[in-house]
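Engineer: Just passing along the structure, written as structure tokens.
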Amino acid sequence: MTTSIHRTGSRRLTDGLESAAATLLPEGICRTFRVMPYASQDGEVLVAAADADDEITLQVVSERIDAPVVLVRHTANEIVAAIDETYPPVEDELETVEERRTRVQMAQMLTRSGLITNEQLQDAMLQHARSGDALGEILVANSAISEDILVAALSEIHQMQRVGLRDFTPDMEVARRLPEPIAQRHQVLPVADADGTLLVAVQRPMDAELLEEVEEAVQQPVRQLLANRVDLDELIQKVHGDHYSELATSFLMENAPEISAHKVFSTGQKVVGIGFLVLVAVFMVVSPMNTLIALVGLASAIYLVVSVYKFRLTLRALGTHLEIEATPEEIAALDERTLPIYTILVPLYKEGNIVKRLVRDMNALDYPRTRLDVKLLCEEDDVETIDMIKSMELPPHFHCVVVPDSLPKTKPKACNFGLQVARGKYCVIFDAEDRPDPDQLKKAIIAFRQTADNVACVQGKLNHFNQDQNLLTAWFANEYSMHFELVLPAMGAAEQPIPLGGTSNHFKTSILRELGAWDPFNVTEDADLGIRLHREGYRTAMIDSTTLEEANSSVPNWIRQRSRWNKGYYQTWLVHMRNPIGLIAKIGLKDFISFNLTMGSAYVLLMNPIFWSLTTLFVFTQASFIQALFPGLVFYVASAMLFVGNFVFIYLNLAGSLQRGEFGITRTALLSPLYWGLMSWAAWKGFLQLFTNPFYWEKTEHGLDEEEVH
Amino acid sequence: MSATVQPAIVTNAARLAGIVQAVGRRSLDVPRRRWESVLVLAVTTIVYSWFGFRVVAQQHVVSYEVLDRLNRALMIWHNNPAKLSAIGFDYPPLQTLLVSPLAIYRFGVDFLAVIPVASAFFAGLLMMFLNTMMRRTGVPAMLRIGGLAALGLNPLFALYASTGGPLMMWLAFLLASVGAVYAWYITADVRFVMIGGLGFAVAGLAGYTTLMYFLLAAIGIGAILAHLGADGDEVEGTMVGFAAPAIYVVALWTGFNLLLLKNPIHWITSAAPTSDAIEQFTVLGLLRWTGELVLYGAPLAIVVLPALFFVGLSKNNPFAVLLGLMLTLSVLTPAMTVLLGLTDSPMAMENAVPILVMSVIGALWLARSAGEGVTAISGLVVLALVASIPWTFQGMRTYKYQALEMVFTDAVLTGESQEGATTRGGQTVALDPSLEMGQFIQDLDVPEGAVLTDNAATYAVMLFSGEPELFLDRIDQSDGPWLEAARDPAASDVDWLLVTTDGDDLLTEQYSEVGFEGLTLYHENDEYRLYSVPEGFTGLTTVGS
């Protein structure tokens with residue numbers, strides 16, 4: 001109902017507050033706009049307003065009350081008292097007098113100078129009402145004004161000098177006087193020493209307590225200079241980048257070498273591996289047929305147990321809904337004032353072409369932008385992407401983080417670098433081409449709140465937005481549907497060690513740091529991290545939220561990506577199996593078996609071509625030596641796998657897509673065996689690369705789905 | 001000049017907005033109650049195992065076909081050589097395969113404990129699925145117990161639950177499959193379509209009639225989805241998900257039949273009568289016996305069938321129509337198999353069991369469709385089931401086309417062994433000769449493969465010996481080498497020949513010209529003869545030379 005008038009001779013707040021009317025507006029709106037609905041009279045709702053002439057106030061109130069509204073002028077004190085009566089104030093959540101004064105001044109300054117429209121202000125005020133964040137920062141995050149304008153306005157309001165840092169060359173001795181943790185945490189950096197007074201660039205005026213902390217740390221008086229947040233952030237990275245880079249590369253290797261993949265094979269593994277090969281060679285000479293039968297039997301047994309394990313998991317997931325769910329009502333009920341800062345790490349390499357799309361998708365997240373900390377992680381030598389990001393003049397919740405050029409040049413190293421400058425209580429990784437469900441961050445927060453304290457990670461589901469592009473992308477979508485709709489939810493529900501997916505894994509930042517984050521030498525650092533979390537007693541839960549990625553649509557590109565994944569699985573298995581007894585002692589026998597069966601699927605892919613060749617050869621030649629390789633029980637197991645196992649896996653691919661509601665690609669799942677051929681090809685490539693080039697990162701090219709129009 | 005088209009973000013909720021079925025969200029199904037399911041399974045299995053052991057092992061009420069399947073299961077593990085192909089192509093493969101785990105250890109096989117245990121287990125599964133279905137229907141606990149007990153005490157159901165493994169196995173899987181479709185219709189949860197599809201595939205390998213039910217279900221699901229406004233992709237995708245398993249098993253089994261028997265449809269025609277002695281029916285006759293089958297075996301269907309169509313058509317209740325069609329199928333199947341020449345036991349009374357089970361499912365749906373009247377209707381169903389117990393018991397004594405129904409009722413009434421009794425079809429119950437000959441051969445301490453026999457006729461002896469590896473049978477190395485051994489037993493290290501006294505076996509047929517001259521009759525009883533092969537016996541090698 002939008003009919004609204006305002007007058008002064010009506011019934012007043014002092015005549016009494018009707019409880020039914022009092023809750024017609026949410027608390028945030030009441031406090032931000034200083035309004036309070038207090039009575040219904042002749043079909044109209046009387047709303048007390050401090051500024052009854054304000055058009056924005058009138059519009060905001062009218063849009064939210066489903067009846068004609070009358071704004072009745074009251075004093076601010078009267079209104080605040082009524083609000084406090086209706087919504088008893090929580091100390092930490094209330095806007096201070098100083099903050100309110102700054103907000104009002106900021107709004108007046110920007111509107112009077114014509115820098116923002118009434119519409120932009122109204123939108124920002126509403127966001128402020130929900131989140132309590134500073135009006136200026138909201139306006140910057142919404143790209144209504146630039147950070148420079150905000151800094152200028154704040155400088156005016158706080159009567160504080162500004163400093164431009166865009167082309168500033170820091171004096172490293174001065175800049176490093178303030179310890180890095182304080183500089184990073186509070187975004188403060190010394191820029192000059194003027195006669196014993198340290199000039200520090202700050203993003204916002206420091207309060208007395210923080211100022212004291214800084215002065216104590218640098219042991220000299222400090223004067224604050226307001227700086228552009230983007231420039232300041234880049235300067236801090238420049239000053240401390242080498243330190244971050246060193247930690248990103250070597251922290252895990254130096255602090256927990258036993259679980260770092262910097263060495264591919266341990267001495268013990270080399271001895272066992274070579275010993276096994278020698279033994280097989282000796283037996284092959286002594287009794288070749290029996291040795292081959294034993295190898296076929298062993299391979300069949302591995303096939304069988306891996307398949308049964310996977311089948312059991314998927315059946316369990318088919319029977320019930322195992323992910324942690326957050327209903328739309330629960331999401332709507334989240335108080336945005338309580339939302340923490342959320343860091344989003346986005347590793348980029350030569351992906352300047354999709355940065356625009358990435359920014360759009362990050363901005364589409366249903367989360368206050370002022371509480372987002374998006375780190376666009378670029379490699380130093382990727383000038384094209386860095387230039388693209390800079391040219392876009394993104395608001396300060398986007399940070400271009402430049403990772404110094406050093407080896408290994410891997411995604412996990414970039415993420416480790418980004419983690420050190422992360423400000424969020426939680427953090428998540430998205431790939432450049434990812435399109436997360438807009439409510440995913442809120443769902444993750446609800447999941448963290450609902451689950452036990454030892455849940456350190458919640459994994460979102462992954463799938464593809466270009467599944468209809470070609471047969472390969474449809475197969476990829478079938479496979480992901482099975483993995484993320486069935487296998488991982490079942491593993492999560494059973495609290496088994498989960499090999500994390502490449503993106504959309506949300507972490508408690510502090511725990512991630514404590515664990516040493518990602519292993520920069522592991523090319524599936526995500527899978528490895530999942531196992532390491534489990535080793536330390538942490539658990540991973542699945543949430544019912546999907547991130548859409550770009551499925552590889554070209555076979556060579558797909559093979560590159562998949563060979564890296566397989567190589568990483570082998571690496572991960574080798575790392576954690578350096579001391580099997582220790583692993584059992586740490587995670588228990590059940591989870592030890594689960595880990596081996598999960599990783600075993602990568603080895604099954606290696607065996608597939610051998611068995612397919614034998615079957616094909618037998619069908620065409622009926623060769624008796626092949627028949628002799630499958631005596632009695634081995635034959636039964638192999639037959640079961642051939643006729644039942646293969647179909648079951650085809651069907652589970654199909655079931656995953658059905659479970660996800662992707663009915664259009666179910667028929668392609670029936671052709672999955674052809675896809676398995678590609679998977680085996682990639683597995684062999686990855687396996688061989690494990691010996692020849694173990695740390696090489698096979699880069700996946702993104703953006704192949706985008707249609708070029710001329 | 002080029003520009004990049006930026007695809008719009010489609011949220012998960014928006015993507016699923018037009019989908020009719022419940023995907024990606026928790027469906028409104030009854031909560032799982034594992035303990036209740038396990039309890040129903042355990043109680044049923046124990047009760048029927050105990051009852052079945054009494055009926056089978058002590059009173060000798062058991063079908064020879066069941067013995068054949070059990071012998072094949074034994075051969076899978078213990079034949080020489082052990083072969084999966086022992087399951088053969090004469091029966092649906094799961095009827096043998098799923099019993100085979102019980103034959104890994106010989107213990108229990110040769111004194112017939114395995115048959116009642118297998119039957120009882122699958123009857124238990126059936127009861128468990130039925131109980132879940134009743135929970136979904138909203139039947140109160142006491143009525144669920146009453147319903148299960150009333151069905152369990154039905155004498156026809158009890159006969160096959162305790163002695164007829166294959167029928168109960170098939171019915172259990174069929175009920176699970178139909179139950180999944182039932183759950184799908186109630187919850188709209190697409191996962192039940194998949195469970196139903198897998199169920200029908202398994203049931204299809206346990207009983208080929210399943211494929212007809214599967215076809216009906218597939219058409220029904222497609223029609224219901226279209227009726228609810230699902231788009232083409234959803235209907236097609238759901239159909240693929242539902243149909244793929246059943247189509248795969250049919251294709252696989254047809255391929256095996258083609259590859260090994262050179263006849264892709266052998267599995268369909270394998271139960272066709274092999275002699276002309278089988279009774280011929282007119283259409284009117286088929287109608288009459290169909291009526292009697294329903295009247296005595298599943299009288300509940302007389303009320304449920306028209307009620308399903310009435311509710312379905314008058315109240316826009318498509319699932320009632322689907323269940324009505326399935327019940328109609330179960331009623332017409334016996335007559336259809338006769339008309340198509342696909343059965344050697346026409347209009348047999350065992351055909352009433354699926355009709356009974358489908359009637360119960362239909363009745364449950366009617367109860368559910370009655371809304372608040374669910375308790376009243378399910379109460380009436382239980383009463384009807386109870387009332388039909390004596391009626392069916394009497395029918396089992398009088399119905400013409402039957403196997404062991406009358407013998408079973410005699411066993412229940414007298415508590416005595418039925419060895420030597422005559423069935424309504426004129427066959428004599430005779431297990432003792434097989435038991436005796438099996439025991440005799442076991443005691444002979446013969447080497448492996450020393451007893452040449454046609455396993456298609458002497459399976460009961462092989463089974464009761466507990467050692468199928470002692471026999472050189474037609475499965476060991478297929479018919480070629482077996483015929484060679486029959487021609488010259490000594491050359492194949494055969495010391496004994498086991499044949500039937502009525503001569504209805506392939507070995508006797510081979511020796512029909514020369515008889516068993518030159519062989520020594522070593523042991524004989526009413527059903528079998530065991531000849532020893534003397535040194536220098538040339539077999540049939542001299543015939544025609």
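Using N, Cα and C of the backbone, Cβ positions are placed for all residues, glycine too.
The domain 'Type II secretion system protein GspE N-terminal' annotation in TrEMBL covers A:19-89, A:159-240. As annotated by TrEMBL, transmembrane segment applies to A:271-286, A:292-311, A:602-621, A:633-652, A:664-684.
Just tell me what is around each of these and how deep it sits.
Structural biologist: Mean pLDDT for the domain 'Type II secretion system protein GspE N-terminal' (A:19-89) in the predicted structure: 86.
For the domain 'Type II secretion system protein GspE N-terminal' (A:159-240), the DSSP-based tally of helix, strand and coil residues reads 34 helix, 21 strand, 27 coil.
Beyond the ends of the transmembrane segment (A:271-286), by six or more residues, the same chain brings 265, 292, 294-295 to within a C-beta distance below 8 angstroms of the stretch.
If one looks beyond the transmembrane segment (A:602-621) by at least 6 residues along the same chain, the residues whose Cβ comes under 8 Å of a Cβ in the stretch are 299, 302-303, 306-307, 566, 569-570, 573, 627, 629, 638, 642, 676-677, 679-680, 682-684, 687.
Cβ atoms under 8 Å from those of the transmembrane segment (A:633-652) belong to residues 293, 296-297, 300-301, 303-304, 307, 310-311, 314, 482, 486, 611, 615, 669-670, 672-673 of the same chain, restricted to positions at least 6 beyond its ends.
Listed by sequence, the residues of this chain that lie at least six past the ends of the transmembrane segment (A:664-684) yet keep a Cβ under 8 A from its Cβ atoms are 467-468, 471-472, 474-475, 477-479, 555, 558-559, 561-563, 565-566, 602, 605-606, 608-609, 612, 646, 649-651, 653-654, 657-658.
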Engineer: Hey, which bits of the same chain come close to the transmembrane segment (A:292-311), Cβ under 8 Å, at least six residues off its ends?
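Structural biologist: Same-chain residues near the transmembrane segment (A:292-311) but 6 or more away: 280, 283-284, 487, 594, 597-598, 600-601, 603-604, 607, 610-611, 628-631, 633-634, 637-638, 640-641, 645, 648-649, 652.
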Engineer: Per DSSP, what is the helix/strand/coil residue tally across the domain 'Type II secretion system protein GspE N-terminal' (A:19-89)?
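Structural biologist: Counting residues by DSSP class gives 32 helix, 18 strand, 21 coil.
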